Structure formats: structure tokens, C-alpha cells
């Protein structure tokens, strides 16, 4: 609790700020995913109301790669954070 090596207690305001920051990151990632995969996979001349098979397959692969990359980057960042200590340079 008080300096016993545990996690510091966050105030309600800090928790709200952290949740808002996380929501902003998730929203930004989603918007980038939609923009990038749409630009890559969907022809700008809309001829049909539905996706064709090639567009659908491309979107599936694009989204899967985007999430896979996001997971790998997160794992690497977490590992870097664990390897870093104040006395280590």
C-alpha cells in the first residue's frame, strides 16, 4: 500500500484519463486499419453494392496481417520494457 513496492493507486481522474487515452489509441488503430485496407483492397470505381471475392479475400488478409503485426509490436514493446531497468543502459 504505502511504499511497500506495490503498484501506486490511481485516482479516479487518472483512471478516466488512462481509459480515454486507450480509447483514442484503439480508435486511431481502427481508423488506420480501415483506411489502409480499403485503399489497398477496394477499387475506387464502385460497380457493385457488395464486395467481390477478390476484395473480400484481400480485406480478410489485410486485417489479419494488421492485427498480427500489432500483436508482435506490442509483445516486443513489452519485452523491451521488461528488459529496461533504471540501472541498465
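Any Cβ shown, glycine's included, is placed from N, Cα and C.
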Among ranges 37-62, 63-88, whichever one Swiss-Prot labels motif 'Twin CX3C motif'
37-62
Near residue 62 (disulfide bond), which residues of its own chain have a C-beta under 8 A away, given they sit six or more steps off in sequence?
33, 36, 37, 40, 41
In sequence order, which same-chain residues at least six apart have a C-beta under 8 angstroms from residue 58 (disulfide bond)?
37, 40, 41
